[in-house]
Amino acid sequence: MHDQKESCNLLKEPRLVVRKFLARPQHEGLGAIVRRSIGRFELKYFDPFLVLDEFSVTAPAGFPDHPHRGFETVTYMLQGSFTHEDCEGHKGTIGAGDLQWMTAGRGIVHSEMPAAEGTQKGLQLWINLSSKHKMIEPRYQEILSKDVAEAIKDGIKVRVIAGEALGTKSPIYTRTPTMYLDFTLKPGAHLQQPIPISWNAFIYVLEGEGIFGNTKSSPTAAHHLLLLGTGDGLEVWNKSSKPLRFILVGGEPLGEPLVQFGPFVMNTQEEIDQTIDDFENYVNGFEKARHWRSESNLSLDY
């Protein structure tokens, strides 16, 4: 009987929660409300993750024209829709369940604005790029909700945004090796999810409440960020009467120096100074931004 139980255990060393805190609402962009959990004073950086925002935006609020360099942004819509425009001529709208994985690389100027009535909700994750990839050409991966890989087993549903879970893989290419999994556990469900030993990983709870890492842990409710310690995976129990939904994100640490100035993330202060100079002079990746303004920005009265 003991052997049979052991064979059911996928994990030798489940990761425990080492830090936990509530992401409180704050204002960002033009009238947007975000709950920032990574990228605030308690947690400036969790290598390779720079920012995690849960955003709530009602028109005319949004994120007008702004630049990026040196990292990737992953936008995952939970409710409503957003239109994205950039100086490279790319424009698209993502709705609930859709995903945009944008590699800013050497430089992009873009806007992200509501495309529907009511409140738009979603998550935006910033993933750092290694020094050898910071100045690559910008690129996009956009996946509609119907094309996001999904699996269902034993009361567990997972949407595999990046990486692999329950035998299902995502088609998304991650330049910085990353896993991004959207789990929903029915009441009574128990999850064991492997995570590469060397990676950093965290949980962000979206709905319901769950027990993470250890059966003796107290339940954690929505809008909490949980940083996981070392180990080979995550164990989760839903002992409540309602569904539990959370994201599990993991990534391979870069282990490089970090200097950030708002939307610019490089390795040295000299590179940041150069980036500011490049942006102000529309060179080295920002050439197309000189005469560009988004359609949404043209309608704003500054």
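Every residue, even glycine, has its Cβ placed from backbone N, Cα and C.
Pulled from TrEMBL:
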DOMAIN    34-127  domain 'Pirin N-terminal'
BINDING   His66, His68, His110, Glu112  Fe cation binding site
DOMAIN    180-282  domain 'Pirin C-terminal'
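Recorded features from TrEMBL, shown on the structure.
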| residue | record | Cβ neighbours (10 Å) |
| --- | --- | --- |
| His66 | Fe cation binding site | 15 |
| His68 | Fe cation binding site | 23 |
| His110 | Fe cation binding site | 24 |
| Glu112 | Fe cation binding site | 29 |
Ask   = What other residues of this chain sit with their CB within 8 A of the center of the CB atoms of His66, His68, His110, Glu112, the recorded Fe cation site?
value = Phe63, Asp65, Pro67, Thr73, His84, Asp86, Ile108, Val109, Ser111, Pro263
Tally of residues which DSSP labels helix, strand or coil - the domain 'Pirin N-terminal' (34-127) = 0 helix, 67 strand, 27 coil
Message = Please count the residues of the domain 'Pirin C-terminal' (180-282) that DSSP assigns to helix (H, G, I), strand (E, B) and coil.
response = 13 helix, 49 strand, 41 coil
